[in-house]
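To start, the structure itself, in structure tokens.
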Amino acid sequence: VAWAGSRHAVEVADRMARLVASDPVFRKDTRTMLSRKELFKDTLKKAAHAWKRIVELRLTEEEANLLRLYVDQPGYVDLHWGMFVPAIKGQGTEEQQKKWLPMAYKFQIIGCYAQTELGHGSNVQGLETTATFDPSTDEFVMHSPTLTSSKWWPGGLGKASTHAVVYARLITEGKDYGIHGFIVQLRSLDDHSPLPGVTLGDIGGKFGSGAYNSMDNGVLRFDHVRIPRDQMLMRLSQVTREGKYVHSDVPKQLLYGTMVYVRQTIVADASKALSRAVCIAVRYSAIRKQFGSQDGGPETQVLNYKTQQSRLFPLLASAYAYRFVGQWLKWLYTDVNQKLEAKDYSTLPEAHACTAGLKSVTTSATADAIEECRKLCGGHGYLNSSGLPELFAVYVPACTYEGDNVVLLLQVARFLMKTVSQVAAGKQPVGTIAYMGNIQHLMQCKSAVNTAEDWLNPAAIKEVFEARALRMAVNCAQNISKAPSQEEGFSELSPDLLEAAVAHVQLIIVTKFIEKLQEDIPGPGVKEQLQKLCSIYALHLLHKHLGDFLSTGCVTARQGALANELLGKLYAQVRPNAVALVDAFDYTDHYLGSVLGRYDGDVYPALY
């Protein structure tokens, strides 16, 4: 664990986890039994207590974020810190930041992020809420002209927020300038009642017990609500006192930095959620015994069954893979920001496609994996006390928020089609698409694997993943070129384009896992185990998507069979260290929240 991050970061995380676990206010084992109202009150109590501890202990921003993470209960503070504050930082002028951020940092105001509407989510340009400038009063008039223009889903909006960053169509001098952000006060700071013209409410219970029902997702409607002109977020564009729309000299590309940061945190969250589920399933599979007893001897640990290993160990490998690609995204965020400051926008399209694809692939795979871990725990996994139903219900919205996963993959596919045409025109690709520059070799190479052990060579794995991704992208580009128009071709071939995008993203994850293993890893035993997990991650994908590899001619049927043969051997080699590999995530029993995944293994008395 210390190698996977910095030792300082590990120590801080450990300290915050234990601080939360030892505090009775943060108890969460009764959460699934509470009514919606009791659950929300419990969330308010925990949020207030967390803030009190942060102030009393003078925690740094890093420590405060970790403390909130380990409280492990969705609530309005998530959107206040995760969306409201960053939106003002990224899109507000210096004057606006000086005015609003001190109040937000002291919780004198509580903010949320009101973008999604009843009728539009992914299609942000289709939002209907309007902000019409009135030069006679120097104000914007916020209005919800239709039922479908109601803001719907923002977390923290239903009950807690006093303010919101609201996204609306900016209209001035009779012209619609598209979607812009506005800081709007929603509730009185005296008695918390909705302000005149503002209709507010909670949108009701969500999937699962406890889970995301501690969040007050809300609905918001405006009836000609007036706000001062200076509450439009004006870093990128302004409206003058006379009503003229003016672009600032700050390039809009600066918004990419915030987007990369948000998606990087989502990938890191996928790693956390998946590793929690895997930790529960591995530990319980080592405790649970079923069948296999001879002459009254002991039954077999479930973890020793090959069927259990073949379903569970690829998920263990994925948890490590996502952790490493998440760390690489932290580096990418820093790199993107440095380039933005130097006015170098050349790598932005690649960074956008890479983060969009990783967000989509890791969140979809994690949601599926948590449910698979529940099944791997048999009947007891269905109990709320197993921790898995609630973990799934809390996690699954990640497949939709911050970009619907299918929509994001289609964005990646568009980028890949553009790259293929640029490579054909002689342009050299960079970053995660650099492999496409090797098009001549990758379009015709054949895997040299002859034995199962040949698949242990990272170069052999990397080459077939590169060839598969490139050939699928080129096939799509060629088929689109035969269509009556590019848009018709893209629409008709969208299912194939999704698969090409997934292949590209899986290549990125495999590559970053291989690169991570080239670092100086303390202890030969640790490196050996991680190499096995890397091979399991890649070869499981090869086995799962064998149709892609065969149809594009990257591998033969025999080579595919050899990969599967090696997987069985690798599972047997990982088995003795499986529990140690999940213990390395260093989760407290409080954070894990599972009677099945207890560190001491004393499962049955706890269940009873």
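The backbone N, Cα and C atoms fix where each Cβ goes, and this holds for glycine too.
Marked as domain 'Acyl-coenzyme A oxidase N-terminal' by TrEMBL: 2-110.
What TrEMBL lists as FAD binding site is Thr116, Gly155. The Cβ of Thr116 (FAD binding site) lies under 8 Å from the Cβ of Lys151, Trp152, Trp153, Pro154, each of these being in the same chain and 6 or more residues away along the sequence.
Residues annotated as domain 'Acyl-CoA oxidase C-alpha1' in TrEMBL: 256-417.
Positions annotated as active site, proton acceptor by TrEMBL: Glu402.
Annotation source TrEMBL lists domain 'Acyl-CoA oxidase C-terminal' at 457-608.
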Query raised in the report: What count of other C-beta atoms do you get within 10 angstroms of the C-beta of Glu402 (active site, proton acceptor), across all chains shown?
Result: 17
Query raised in the report: If you count Cβ atoms within 10 Å of the Cβ of Gly155 (FAD binding site), leaving out that atom itself, what do you get?
Result: 25
Query raised in the report: Distance between Glu402 (active site, proton acceptor) and Gly155 (FAD binding site) at the Cα atoms, whole Å?
Result: 13
